[in-house]
């Protein structure tokens with residue numbers, strides 16, 4: 001029983017974000033479809049070779065996606081909404097991009113598919129849409145084509161396929177309501193066809209991802225797995241693959257399935273090994289997800305070895321990443337600016353492949369010397385002064401209930417704020433960022449590289465802020481923002497100004513489509529050495545008589561969108577960040593900034609996957625926000641922003657944030673999300689997003705008015721704000737001006753009745 005290793009998936013974007021650049025070039029009409037496809041082929045070949053060279057035995061195929069892997073599965077199944085379909089029913093890469101970006105085959109605007117977070121990660125997927133009587137057929141052969149590519153290159157492969165039950169679980173019914181699980185028998189023939197094609201190609205194992213099996217699923221969904229897999233068994237060996245949590249609660253369902261192996265995330269389900277070995281059928285292979293695919297930390301391989309060694313020899317064992325390495329940067333070796341101590345604590349995707357090779361070799365030989373050597377920096381980190389700050393720990397320990405309470409209740413604050421700002425009905429604002437032009441990015445890059453001195457950099461940024469204020473005043477917006485020209489990323493910017501964070505040069509991970517982020521890494525206790533945003537906010541406010549919002553990223557979002565420490569709880573990190581940003585709120589207020597937005601778009605995505613674990617998380621998540629905000633006086637208006645959220649099941653917690661105004665993403669869901677606020681009788685003010693900033697489409701005045709009228713049926717008009725769904729950083733100025741002009745006009749029309 002020789003141990004082999006494999007990965008569940010590998011980053012797609014390329015070390016230099018080649019995929020992003022190729023996508024955006026194609027979308028802009030600057031390159032051909034063949035140019036784009038060639039980049040994809042080159043990246044796949046390179047990534048297979050890199051994994052092989054790093055010691056991986058069984059390579060994943062089908063983990064590559066042009067936008068996201070759920071959208072790829074939708075095309076595989078022929079699930080294309082009517083508004084995006086070609087007249088002849090054909091499917092091509094442009095169909096895929098239309099679904100992701102919002103466009104009809106004619107070139108006319110058509111709503112993009114709804115986008116939401118992939119389980120509790122910072123990766124997004126396009127939500128499958130289901131209609132009654134829907135037909136499915138194999139229409140997009142990307143997986144089969146890529147299998148052919150890999151086989152032609154001589155690789156030992158394992159195709160990756162999103163499983164049918166999870167696919168249905170992730171989708172939404174559109175139009176007439178029905179049970180989407182009823183579509184299972186309709187999609188299974190397509191899966192059977194795909195598996196048959198893979199078997200024809202000599203494929204032995206298929207990794208079939210069913211991460212829904214780590215959730216607390218309704219019984220009817222659990223019951224669906226057995227008939228589904230009865231239909232799929234027999235053509236290839238199936239590795240049923242789960243991740244992001246352990247599987248013990250659903251083991252009875254799992255062990256009844258006719259599959260040949262099970263992959264389990266043993267990072268999150270680290271205590272499950274003995275139970276798995278006891279309850280899995282003896283002829284099943286166990287794929288042990290020992291190396292964390294979601295972080296940047298070097299693994300303690302001595303600990304991982306001890307975790308699995310007792311069952312090696314008792315059943316077939318593979319060692320693997322806990323989940324796809326999609327969520328990790330690609331290669332630590334190109335990071336030349338990290339100091340040696342910190343760098344020794346990290347492992348990116350390729351280094352995680354090396355870890356899997358070391359584990360495999362040690363488990364097969366019994367020789368752990370190399371594991372001990374690899375793990376030495378982990379032991380040293382536990383005592384590093386880079387990690388521990390006594391002053392931060394003391395301040396955190398001294399927090400009391402009073403620290404998370406505003407001076408007065410919302411009703412009292414609202415009166416003070418109305419007197420201070422005297423805003424019109426249907427007040428208009430934006431979420432914070434304005435287009436990051438080539439000029440702005442060049443300015444920041446030149447400054448970072450030392451090609452521009454501080455004075456010239458500041459002069460350049462000040463000019464862009466001034467222009468943003470002029471644009472907003474010309475458009476007639478009521479509450480302005482400074483535009484965030486100085487910020488590269490809403491989390492990275494704050495991390496750069498807080499102690500306890502470090503940054504990479506090339507630590508990019510995919511967020512959605514062509515969007516990549518470079519998360520900061522929390523390596524130690526967090527504190528704020530000096531004010532971060534005050535100077536630019538104060539400057540922007542000096543340019544106008546209208547209120548300018550101070551813009552902060554909230555503590556939970558900074559936590560969720562960073563790579564966190566593993567040696568303390570997430571609660572500890574969030575509250576340390578909250579205390580640092582509390583000082584920023586106080587400084588903004590002292591500088592005359594009367595409206596302060598604390599963005600928490602990640603509050604919901606941070607939820608544990610199992611509902612039974614939610615309360616504890618929400619309690620400390622809300623407390624962190626309140627610690628951050630509660631220092632504000634009554635007449636300082638605290639805003640927060642959330643996107644990609646289902647709110648109905650966390651409304652108590654959203655209300656408990658006690659923000660004076662919440663702006664939310666609603667346009668893609670056609671204001672459906674407001675149902676939650678209506679049913680809860682949410683007491684504070686709400687800005688439902690009136691257009692989708694992820695699409696280049698410019699909404700008409702009538703479209704916006706219709707959405708706002710729909711919102712006013714659910715929320716009293718006197719408590720409604722008018723704003724886009726999200727920040728405008730990724731948009732161009734022409735479409736931004738046009739969309740905001742229509743938004744302001746719609747608000748003015750509503751004021752006039």
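Placed from the backbone N, Cα and C atoms, the Cβ positions cover glycine too.
Copied over from Swiss-Prot:
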- 694: active site, proton donor (ACT_SITE)
- 17, 18, 19, 20, 117, 515, 516, 561, 605: 5-methyltetrahydropteroyltri-L-glutamate binding site (BINDING)
- 431, 432, 433, 484, 599: L-methionine binding site (BINDING)
- 431, 432, 433, 484, 599: L-homocysteine binding site (BINDING)
- 641, 643, 665, 726: Zn(2+) binding site (BINDING)
Which has the fewest other Cβ atoms within 10 Å: 17, 117, 641, 694, the recorded positions listed?
17
117, 516, 605, 641, 643, 726 filtered to the binding-site residues whose C-alpha is within 10 Å of residue 433 (L-methionine binding site):
726
Greatest CA-CA distance (Å) over the residues 17, 18, 19, 20, 117, 515, 516, 561, 605 that the record ties to 5-methyltetrahydropteroyltri-L-glutamate?
28
Number of Cβ atoms other than its own within 10 Å, given for residue 643 (Zn(2+) binding site):
25
If you measure every Cα to Cα pair among 431, 432, 433, 484, 599, the residues listed for L-homocysteine, what is the largest value in Å?
14
From binding-site residues 17, 19, 432, 484, 516, the one whose Cα lies nearest residue 643 (Zn(2+) binding site):
432
Residue 694 (active site, proton donor) in three-state DSSP notation:
coil
Helix, strand or coil at residue 516 (5-methyltetrahydropteroyltri-L-glutamate binding site) [DSSP, three-state]:
strand
Which secondary structure state does DSSP assign to residue 19 (5-methyltetrahydropteroyltri-L-glutamate binding site), in the simple three-class scheme?
helix
Whole-number Å only: compute the distance from the Cα of residue 726 (Zn(2+) binding site) to the Cα of residue 599 (L-methionine binding site).
10
Quick check for you: of the binding-site residues 117, 484, 599, which have their Cα within 10 Å of the Cα of residue 641 (Zn(2+) binding site)?
599
Residue among binding-site residues 431, 484, 516, 605 with Cα closest to the Cα of residue 665 (Zn(2+) binding site):
431
Would you kindly give the Cα-Cα distance separating residue 484 (L-methionine binding site) and residue 605 (5-methyltetrahydropteroyltri-L-glutamate binding site), rounded to the nearest Å?
24
